[in-house]
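Visitor: I have a structure I would like to understand better, so I am pasting it below and will then ask my questions one at a time.
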Amino acid sequence: MASKENQMTATLLTSILAAVFGSLQIGYHTGNVNAPARRDVTLASYVSYESGEALATVANTTLELRIIEEFFNHTWWSRHNQSMPDHSLTFLWSLSVSIKDFGALLGSLGVKCLADTFGRRNSILIVNALSVVGACLMFASKANESFEMLIVGRLVFGLFCGLVMSLNPLYIQEVSPTNLRGAFATLNQVSFATGILLGMVAGLETVLGTKELWAMMLSLSLIPALLQYLALPFCPESPRYLLINRGQESQAETALWRLRGPSDEVFTELEEMKQEAAHTQSALTVKEFFTKRSYRQPIIIVLIVNLGSQLSGFNAIINYSTKMFDKANFDEAKYLTLGVGAVNVTFTLVAFFLMERAGRRKLLLTGFLCLAVCNLSMTVIDSVLALVPELRSLQVLVVFFLISAYEVGPGPISWFIAAELFDQPARPIAMAFTSMLNWGGKFMLALLFPPLLKLCGAYVYLLFMTMALTAFSFTWRRLPETKGRTFDDIAAEFRGSEGIPLHNKTGFNTFP
C-alpha cells in the first residue's frame, strides 16, 4: 500500500492534468458550435455537420444556426451585393462543422511521426500550436468578414483533434503507474466531456451565443491552450520513450524519480522497461504493423471495440434526440439538454473511479450490453409512439441511460485500449489507428444513418443493437483484462500464441 501511495506525486498529477487541457479544448469546440433543427432544413441536408458533433447536437440552446448564417450572408452581401442562396448557406454551415472531422482524420496520420521523432510530451506541445492557430483564425473571421477563415480555422483545429486524441492517451499511459494507468487515461474523456458542457453553456444566447459575442466564444479555447504551454514544459517526458525509443537510461531514471518520488518501484519499473525493450524491435513501419503475426489479434480487437463504440447507436440516438426533445414539448428544453451534458460528465467520472476496480473487460461488456438494450428499447418505443405519445418521456430516459452506459465503458476505453495492447514500437501506430476509427466511425454513421432511418424506420436501431452485441461477443471471447498488468506482460500474451486465451495465469481474463 505504501508503494502505491508514493506513486501519487505532484509531478505525476501535474503531467496528467496538463496533458488533458488538449481534450478540454476539443470538447469545448464540440459543445459550442451547434445547429438546432430548423423547419426548413431536413435531416439529410444537415447530416454532414452532425457527424462529429453528436453530443453538441443535443444542445438546442447553444450557438444558433441563424447567427452563423447571418455572418455568412453579411459577408456574401458585402462582396456580391446580394443574399447568399439558401442551399449555399446550408452547404457552408455543413462544411464549416464537418470539416473538423475531416481534419481529424488527416491529423491521425501524423501521430507516429511526431510521437517517435519528438517524444510524447513535446508532440503534445507542438500540436497545441494548431489549436492556437485554429482558434485565432475563427476569432479573426468575424473582424475580417471572411467565412473562409472560419472554415480554415475549423480544419486546422480538426488536425489538432486527430493528433491530440491519440497523443494524450499515449503520454498518460506511459507516465502513469500500472495500478493507476486506466483511471488516469479516463481523465482524457472526463476533460473532453467537461469541455462539451462548458461549450454548451458558453453557447447559450444568454451567455456568449449572440451576434456580437460568438467570435469571442470561439476564442476561449485559447485559455486551456495557454495553460498547457505554461505547465506541460515543466513535466517529464515519457520514461518509456526515453529508455526504449532513445536508449537514454539515465534520463528515463530521472523522469521516473520525478514521477514516482522516492520509491523502490522506480527500480522495478525501470527493470520492466528493460525487459520490454529486449523483446521489441527498435523501429516499426506501418506495413510491418499490419502484417506482423503477433499484432493481428490486437488489431482486430481495437477494430471491433472502436467500431462497436461508434456504431452501436450512441451518436445516432444523440443526434435524433434533438428532434425527440422538440416533439416532447418540454417547457424548459434548455435545462434538459444541459442536463445531457451534465450526465455525460458525471458518468465519465464514474468510469474514472471504476476503471481500476472493475477493470476494462467488465466495463466494456456492461456498456455494450446496455447499449444493445437501449437500442432495442428505442425500436419498441419508436414503433408504438404514434399510439402512445406519453412514451416520449420514456425515450428521454433511454437517452440518459444510453449516455451513462456509453461513458462508463466503451466511450473512454475505446480511446486508450490500444495503448495497452501493443508494445512500445507499435503503440503510436495503434493510437493513430484508434483515432482514425473513432473519427471515421462518426463520419460514416452520419452518412448512413439518415438513409437507413428513412428505409428502416424504427427498426434501424436493431442494426445498432446487432453491432453492440457483436462487440460484446468479441470482447467476451477475445479481449484480455489489462488492469494491473504491465505492458510487457500484456504483449507477451500476444507474442506467445496466435489467439487470445480466455483464461490466463493471472486470472484477469474472467468476467464473473
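Quick reminder: no glycine exception, Cβ is built from N, Cα and C everywhere.
Automatic prediction, not curation, is the source of TrEMBL annotations.
What TrEMBL shows for this protein is this:
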- 1-22: signal peptide (SIGNAL)
- 15-483: domain 'Major facilitator superfamily (MFS) profile' (DOMAIN)
- 91-111: transmembrane segment (TRANSMEM)
- 123-143: transmembrane segment (TRANSMEM)
- 149-171: transmembrane segment (TRANSMEM)
- 183-201: transmembrane segment (TRANSMEM)
- 213-232: transmembrane segment (TRANSMEM)
- 299-321: transmembrane segment (TRANSMEM)
- 333-354: transmembrane segment (TRANSMEM)
- 363-388: transmembrane segment (TRANSMEM)
- 394-417: transmembrane segment (TRANSMEM)
- 429-452: transmembrane segment (TRANSMEM)
- 458-476: transmembrane segment (TRANSMEM)
Visitor: Do at least three C-beta pairs under 8 angstroms join the transmembrane segment (429-452) to the transmembrane segment (149-171), pairs 6 or more apart in sequence?
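Guide: Yes, the transmembrane segment (429-452) and the transmembrane segment (149-171) are in contact.
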Visitor: Would you say the transmembrane segment (213-232) and the transmembrane segment (123-143) are touching, if the rule is that at least three C-beta pairs must lie under 8 angstroms and be 6 or more residues apart?
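Guide: Contact between the transmembrane segment (213-232) and the transmembrane segment (123-143): present, because at least 3 Cβ pairs are under 8 Å.
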Visitor: Given the transmembrane segment (149-171), which of the listed stretches 91-111, 213-232, 363-388, 394-417, 458-476 has the most Cβ pairs that are under 8 Å apart from it?
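Guide: The stretch with the most close Cβ contacts to the transmembrane segment (149-171) is 91-111.
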Visitor: Ranking 91-111, 333-354, 363-388, 394-417, 458-476 by the number of C-beta pairs under 8 Å to the transmembrane segment (183-201), which range is first?
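Guide: Between the stretches 91-111, 333-354, 363-388, 394-417, 458-476, 333-354 has the largest tally.
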Visitor: Residue list, the transmembrane segment (394-417) vs rest of chain: Cβ under 8 Å, 6 or more residues beyond ends.
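Guide: That would be 165, 169, 172-173, 182, 185-186, 188-190, 193, 301-302, 305-306, 308-310, 312-314, 317-318, 321, 324-325, 328, 336, 339-340, 343-344, 347-348, 350-351, 354-355, 360, 363-368, 370-371, 374, 377-378, 381-382, 385, 434, 438, 471, 479, 482.
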Visitor: What residues in the same chain, six or more past the boundaries of the transmembrane segment (363-388), come closer than 8 Å to it by Cβ-Cβ distance?
Guide: 305, 308, 312-314, 317, 351, 354-355, 394-395, 398, 401-402, 404-406, 408-411, 413, 457-459, 461-462, 464-465, 468-469, 471-472, 475-476, 479, 511
Visitor: For the domain 'Major facilitator superfamily (MFS) profile' (15-483), provide the mean pLDDT of the predicted model.
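Guide: Overall, the domain 'Major facilitator superfamily (MFS) profile' (15-483) comes to a mean pLDDT of 84.
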